[in-house]
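Engineer: Below is one structure. I have some questions about it.
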Amino acid sequence: MEEDSLTAVSEHPLSHSADNGTHFTPQQLVAKAIAPVNPDFLRPPPLRSSSNTLKDATSTANNDGDDKAGPSTLVKEKKSKRQLKRERRQEQKSTRHLCPEIAKTGDVNSCRYSDKCRFSHDIEAFKSQKPADLEGECPFSGAEQLCPYGLACRFAGTHKEGVPAGSSVTLKRCSEMNGLNKDIQKLLWKNKMKFPKADSKLKELGLLGHGKSKLRVKEDKENAVSNDSVVADRTCCSETNNDLDADLEIPVEVPEENGEKEGTFSSDESRPLKKSKSLSSGNFHSDQIDNGACMIDETIGEGHAPIESEVMNDIVLLDSDASLKPHPREKKLIDFRDKLYLAPLTTVGNLPFRRVCKVLGADVTCGEMAMCTNLLQGQASEWALLRRHSSEDLFGVQICGAYPDTVSRAVELIDKECVLDFIDINMGCPIDIVVNKGAGSALLTKPMRMKTVVEAASGIVDTPITIKVRTGYYEGKNRIDSLIADIGNWGASAVTIHGRTRQQRYSKLADWEYINRCSSLAPDSLQVIGNGDVFSYADWNQHKDECPKLATCMIARGALIKMWQKIDEVAMK
């Protein structure tokens, strides 16, 4: 019986045999973690390269030799970082790497770095070693702009003029906006960027913390030293003047106060003290002069010349003056009603995706969520999330932060450097790494911090501020309905409500009944946008019909499922 079973196993095409002649069934091979593959389907092992052969020979020689002996001469020595950096620079300086600016224009004098450039400027040497052009036509030949690679293009022979020569040739302006300026990035890296509007608003709200950065501590020390020197000079001058007055005994007239003349005093008599006036008193703000670029520390008292009219024109009045504040109705408004709003989808809603959705009928687009701390640190990867294409006529960016100071400073910087229509603050992100830092959905547990964040952000820019929230943090404990009436008073122009709690993440269905109840409680000045489970035009129309007060519905994950069908269907209907 055993002989018959062994014979059957040996005849099986997937059976394997060991060195001692024992045969194994496929089940036995799987139990031994061996894949039962038919030998006919196995490919031969790849040929060993010379480098692998040299490595094996080296390891064999080391293993065969004495343990106390040094490493084999065949082993390549490890280079230091300085050597690798030097080799990289030498490689860049070789003729194979032509300066990009010279490659574009074909003019050797076009590079602004001249001899200090890291790349080669020898055009003839570059042409002599350049590989032959590839077959085909340059992708930029049919476009209005010239090829950005110029001489370095592998299709240079198909260019219209052969070589883009002359500095008069200008490339077409890029259709992308909101790029990070290098000078601004360097200031952010060195922590030297100033935010006068944000700091003024935080000071007005009483939110400016006592902690100071290294830059501010250094500035305070310099100001203290300069003030001490000024006081010392003034003390020396006053002592000299007192000595002269004592010798001359010149009577000094005191200006009239309250319409009565006090009389004259000799120089040796004590003069009545008069309270000095400073620019920080009255209607002047010491932190905001020339938009924060100029600081006036000198006080104006007796014996000093009056302020020139040119300096007075540069002084900015206090932001706390209610008569100078723009009314909320005077701010720029954005109408979301009945518009197709494409949600800011993290890692998916990038610029190419939004361009496709824009062609398919999307009205409002928003960039991916960017962290305020990363923006303030000048991270190029984070600023890339704020890019905008010229086809996005109604565009906003979404930021996320935990504290009023970081959010307000990021808002001021974005409003200054970017072209956008609104700024959305994410207060509903359920990701752990965001919530653990106190941002995203964590703000739903701290309504007072939500208030300060919105007030600080909306009080420094004219760009509309919107917020995105969830129904609550814990399941079964919704709380946005108790805050919806106050969100408009905080300064938000619109609020997007995702019909799930943070604890639900994306499980269960969105609670649209709760969204409708919140929209009915919202004031007329606050637009409410619903979000959650909008997968077709039928869902979009159903939610709009059930709640006429709802401004619009945000399309999020539904756009990922045949977006050419979903967005187009809603647009057509």
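Every residue, even glycine, has its Cβ placed from backbone N, Cα and C.
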Engineer: Out of 93-124, 157-188, 189-220, let me know the one TrEMBL marks zinc finger.
Structural biologist: 93-124
Engineer: Mind checking which residues reach the compositional bias 'Basic residues' (78-87)? Cβ under 8 Å, same chain, six or more beyond either end.
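Structural biologist: For the compositional bias 'Basic residues' (78-87), the far contacts come to none.
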Engineer: What are the DSSP helix, strand and coil residue counts for the compositional bias 'Basic residues' (78-87)?
Structural biologist: 7 helix, 0 strand, 3 coil
